[in-house]
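Student: TrEMBL lists these features:
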ACT_SITE  CYS263  active site, nucleophile
BINDING   ASP30, LYS35, THR86, THR122, GLU155, LYS266, ARG331  NAD(+) binding site
BINDING   PHE152, LEU153, ARG154, GLU155, LYS207, PHE252, LEU253, HIS254, ALA255, GLY256, GLY260, LYS324  substrate binding site
DOMAIN    317-418  domain 'UDP-glucose/GDP-mannose dehydrogenase C-terminal'
Amino acid sequence: MRVAMIGAGYVGLVSGACFADFGHDVCCVDKDPAKIEALNRGEIPIFEPGLAELVAKNVREGRLTFTTHLPEAVKSAEAVFIAVGTPSRRGDGHADLSYVYQAARDIAAAMDGYTVVVTKSTVPVGTGDEVERIIRETRPDADFAVVSNPEFLREGAAIADFKRPDRIVIGTEDQRGLSVMNDLYRPLYLNQSPLLAMSRRTAELTKYAANAFLATKITFINEIADLCEQVGANVQDVARGIGLDNRIGSKFLHAGPGYGGSCFPKDTLALIKTAQDYEAPIRIVETVAAVNSQRKRAMGRKVIAACGGSVRGKTIAVLGLTFKPNTDDMRDAPSIDVITALQDAGARVRAYDPEGMDAAMAIITDVHYARDAYDCARDADALVLVTEWDTFRALDLVRLKAAMASPVVVDLRNVYRPDEMRRHGYTYVSVGRT
Ligand SMILES: NC(=O)c1ccc[n+]([C@@H]2O[C@H](COP(=O)([O-])OP(=O)(O)OC[C@H]3O[C@@H](n4cnc5c(N)ncnc54)[C@H](O)[C@@H]3O)[C@@H](O)[C@H]2O)c1
């Protein structure tokens with residue numbers, strides 16, 4: 001099948017490359033000429049394991065192309081995916097749908113013959129109705145269906161998630177549209193990924209419900225961790241003790257500095273706003289969002305406490321900047337709040353991240369960016385582990401201690417064992433473990 005993917009960001013590029021790998025003919029469109037030029041030179045604008053190889057293979061085999069010229073991609077496509085950003089709107093937290101609506105207008109002007117327009121971007125309930133209205137208004141003669149197909153991939157494991165999803169959600173009332181989506185995803189449900197057909201509005205809400213539930217689970221264990229610290233209990237044992245219960249499940253029960261990233265913060269906010277607008281407020285998610293945003297800065301205070309109550313004039317080393325390992329995505333990363341809190345309290349910050357430093361430099365200034373973990377720790381009065389990259393999991397504790405001015409480690413991901421750290425002579429603070 002011929003597919004146009006509008007937006008060649010994380011989701012568009014990964015989905016486009018995977019659809020091409022299934023054998024479809026995919027053209028990825030982006031309005032950012034620098035991104036398209038880079039892709040056409042064979043450079044991948046983001047760090048995502050396996051993506052460079054997958055893109056190169058499908059370009060070489062002629063199934064994947066890139067352009068800034070939307071009409072040429074849309075004209076011949078049977079399915080046109082909208083995979084543009086839906087960031088928080090400044091001021092009120094609603095999803096900013098201006099990119100989606102612009103894409104809808106551009107697609108409407110260019111489409112030719114029966115076309116299935118698929119929203120893959122995460123969009124509030126009712127957006128599909130508005131996309132349909134825009135297309136009909138722009139092109140009263142057009143033959144089309146608007147389908148919701150939310151994406152559940154995780155950055156860092158995006159290709160595996162796309163190729164072996166837990167489920168595929170298709171929201172449409174249009175039988176022809178559903179059958180095109182079935183054909184597109186056929187290679188996947190042959191692999192036994194269930195394809196769930198539902199109404200368009202239900203599909204739109206399903207995506208937000210999934211993200212809000214996961215954000216709630218993380219926030220729940222984070223608050224249990226705080227209680228563990230007060231009562232002398234161990235949050236990792238609690239998490240295992242509840243997670244092995246199949247009704248609960250062990251995923252997303254790792255206590256840490258609070259969730260960040262390109263999805264959970266903005267999607268919880270957007271769901272809260274939608275629910276308020278429909279006078280069905282989801283108070284549990286309102287609380288989750290409030291607790292989480294306070295938590296990130298509270299992690300800065302945790303470091304200050306570990307340094308004896310003041311970091312003024314002290315050097316703090318920060319390991320890991322991206323919102324999670326195996327991505328270079330810095331959007332809403334907890335490291336930003338932690339570093340800002342430390343700088344506000346008068347600390348000098350040294351930082352290192354295996355892949356995220358270019359993106360970090362554009363956001364976090366006044367930081368010394370180090371060459372590696374040991375260079376980062378040099379002369380530091382304390383070290384904070386914020387993102388649990390594999391390379392930080394087996395640091396040489398003797399070498400690290402020798403580099404530091406004072407052996408204080410604040411491990412916000414519970415990577416190390418308290419007894420081992422103590423044996424090496426560290427003052428060691430972690431999350432929900434005493
Ligand atoms: N990143 C994730 O892990 C993830 C996972 C699931 C769902 N989502 C959702 O998918 C959507 C896209 O997210 P992302 O992280 O890929 O965003 P992104 O910011 O990485 O990419 C969006 C791209 O769209 C391009 N664009 C915007 N308007 C355009 C237009 N009119 N024509 C052509 N290109 C246009 C931008 O230049 C940009 O390259 C969002 O709604 C997001 O919530 C993201």
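In case you wondered, yes, glycine gets a Cβ from its N, Cα and C as well.
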Student: May I ask you to report the DSSP-based helix, strand or coil state of LYS266 (NAD(+) binding site)?
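Tutor: DSSP assigns LYS266 (NAD(+) binding site) to helix.
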Student: Is it possible to get the count of other C-beta atoms within 10 angstroms of the C-beta of LYS266 (NAD(+) binding site)?
Tutor: 23
Student: If I take every residue in the domain 'UDP-glucose/GDP-mannose dehydrogenase C-terminal' (317-418) and average their pLDDT values, what number comes out?
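Tutor: In the predicted model, the domain 'UDP-glucose/GDP-mannose dehydrogenase C-terminal' (317-418) has a mean pLDDT of 97.
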Student: Find the one among the recorded positions PHE152, ARG154, LYS207, LEU253, CYS263 whose C-alpha lies closest to that of ARG331 (NAD(+) binding site).
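Tutor: When the Cα distances are compared, CYS263 comes out closest.
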Student: Please state how far apart, in Å and to a whole number, the two most distant Cα atoms are among PHE152, LEU153, ARG154, GLU155, LYS207, PHE252, LEU253, HIS254, ALA255, GLY256, GLY260, LYS324, the recorded substrate-binding residues.
Tutor: 24
Student: List the Cα distance (Å, whole number) between ALA255 (substrate binding site) and CYS263 (active site, nucleophile).
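Tutor: Just about 19 Å between their Cα atoms.
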Student: Taking only the Cα atoms, work out how far LEU253 (substrate binding site) lies from GLU155 (NAD(+) binding site), in Å, as a whole number.
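Tutor: Roughly 18 Å, rounded to the nearest whole number.
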Student: Given LEU253, ALA255, GLY260, LYS266, ARG331 as the binding-site residues, which ones have a Cβ positioned under 6 Å from some atom of ligand 1?
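Tutor: Among the binding-site residues listed, not one has its Cβ under 6 Å from ligand 1.
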